[in-house]
Amino acid sequence: MADQLSNEQISEFKEAFSLFDKDGDGTITTKELGTVMRSLGQNPTEAELQDMINEVDQDGSGTIDFPEFLTLMARKMQDSDSEEEIKEAFRVFDKDGNGFISAAELRHVMTNLGEKLTDEEVDEMIREADVDGDGQINYEEFVKMMMSK
């Protein structure tokens with residue numbers, strides 16, 4: 001997967017890797033990963049950091065080396081393609097283009113897809129995705145809903 005990256009991308013990722021690799025030993029530890037993530041406003045637990053490292057740690061060293069980091073970044077870039085698909089899907093649901101999906105818009109699209117839903121079922125779908133409780137689904141809520149499927 002990492003072999004699909006351009007030289008420019010690889011050198012950008014090398015730079016990013018160096019930012020993570022605080023002590024310059026060629027690997028990223030959970031401690032280093034945590035430091036960088038906290039500097040980006042995230043607050044991962046030790047277990048989450050370990051999971052992130054284990055996901056790409058192919059040689060079982062408990063750390064991420066540069067080839068493993070490239071694999072991780074290549075995966076993330078592939079995932080961003082699906083982000084474009086999610087944006088497209090949101091636009092399909094958001095008939096009036098106001099940035100929100102209302103119950104009526106959701107019902108309309110589901111009916112067009114051949115799903116016969118009761119008002120209660122549509123309301124339930126909205127309720128499940130509607131994190132801020134305003135009765136409609138905004139883009140962030142839609143992304144969360146799609147990513148959790």
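Glycine residues also receive a Cβ, built from the backbone N, Cα and C atoms like all the rest.
Together with ASP94, ASP96, ASN98, the Ca(2+) 3 site in Swiss-Prot holds one more listed residue from GLU88, GLU105, which is GLU105. Shown are the binding-site residues ASP21, ASP23, GLU32, ASP94; of these, the residue with the fewest other Cβ atoms within 10 Å is ASP23.
Residues within less than 8 Å, Cβ to Cβ, of ASP96 (Ca(2+) 3 binding site) and separated from it by at least 6 positions along the same chain comprise GLU105. Neighbour counts of Cβ atoms within 10 Å were compared across the binding-site residues ASP25, GLU105; the minimum falls on ASP25.
Under DSSP, ASP96 (Ca(2+) 3 binding site) is assigned to coil, being neither helix nor strand in the three-state scheme.
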